[in-house]
Amino acid sequence: MNECYYDKRMDFFYNRTKADTADEWTGPQLIGVLCFGTFFCLFIFISNSLVIAAVVKNKRFHFPFYYLLANLAAADFFAGIAYVFLMFNTGPVSKTLTVNRWFLRQGLLDTSLTASLVNLLVIAVERHMSIMRMKIHSNLTKKRVTFLIISIWAIAIFMGAVPTLGWNCLCDITVCSSLAPIYSRSYLVFWSVLNLVVFFIMVVVYIRIYMYVQRKTNVLSSHTSGSISRRRTPVKLMKTVMTVLGAFVVCWTPGLVVLLLDGLNCTDCGIQNVKRWFLLLALLNSVMNPIIYSYKDDEMWATMKRMICCSSEDKSQERRSSRIPSTVLCRSTDISGHYIEDGIIQGTICGKGDLGEKGNS
């Protein structure tokens, strides 16, 4: 019967795999990584909070697609928490961790990845339901969207906990991986192949939907008198989602390939030399998504800018004398929203109370 090593610290497993964790993350290099990671984690927290707040604040975002987009931002926010925990439990500290603490460290990362991946898959289904009917938004009710969001996080938490629940090498250290010293190599193969297959499926689905939208848009453009903006709106939403998906695949695929090679016990692949950079690349994905939302979606950017503008204005008002007028008009932004069917061309006004909302009504 195999002996189990639940009571060992991580130095026992790292020494077996000959991973140079202490040498790789010391002195100026460790300080640089911590500063770099701290800056980007702060950006992740602030920017994704703005995305979630924008969806809550702007009633024109109260549709299934944007609820799921906000949940994707929540997954990125959670990823920021996972990276903060990782930063303070890496390098020389790694070898001092208990098995349970190391499982928690990796489980947070796995949960954030799964939450983003499953969320993108659900968005693909939502887009398929709406686009195939040539509608901007699907007919999913709020209850169903809430159920989907809860299901996404339930799946993510379960997948993040799978190694802790038993699929590990603590009772058979001969099958331990190199990058994840207490993960079984078979689990790494399963994990990486599953995610890569889902990547491929989603890319194929989105390409198919996008080609369908382009074909239908071209056909309808010669038979309808609707506005050009209205016909292009589904295409704009698809471009946003496909850009987010593309960034996700580019940022996570190298790391998953490295995990797959480790699971296949490729000792000559030099995976220890690239693991840090691929982890930082994965971190950048959570930084990029809010930028993509604001760049690709004019109304999202206008809402976020209005919140920042109004927040700054409110703070400046507190410093002023009560004799100074408190209403400030921000620069008007011409927005062609995603709800052109309402016939609304919006202007953005920022001031006290509900003036910002009134400017859009």
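Each residue, glycine too, has its Cβ placed from N, Cα and C.
According to TrEMBL:
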TRANSMEM  30-53  transmembrane segment
DOMAIN    47-293  domain 'G-protein coupled receptors family 1 profile'
TRANSMEM  65-88  transmembrane segment
TRANSMEM  108-125  transmembrane segment
TRANSMEM  145-167  transmembrane segment
TRANSMEM  187-207  transmembrane segment
TRANSMEM  240-261  transmembrane segment
TRANSMEM  277-295  transmembrane segment
Message: Taking contact to mean 3 or more CB pairs closer than 8 A (sequence separation of 6 or more), are the transmembrane segment (277-295) and the transmembrane segment (65-88) in contact?
response: yes
- line: Outside the transmembrane segment (65-88), at least 6 residues beyond either end, the same-chain residues with a Cβ under 8 Å of its Cβ set are 33-34, 37-38, 40-41, 44-45, 48-49, 51-52, 55-56, 104-105, 108-109, 111-113, 115-116, 119-120, 122-123, 126-127, 130, 137-138, 142, 145, 148-149, 152, 156, 237, 244, 283, 285-286, 289-290, 293
Message: At a Cβ cut-off of 8 Å, and with pairs 6 or more apart in sequence only, do we get at least 3 pairs between the transmembrane segment (187-207) and the transmembrane segment (30-53), yes or no?
response: no
Query: Mind checking which residues reach the transmembrane segment (145-167)? Cβ under 8 Å, same chain, six or more beyond either end.
result: 64, 67-68, 71, 75, 100, 103, 106-112, 114-115, 118-119, 122, 182-184, 186-187
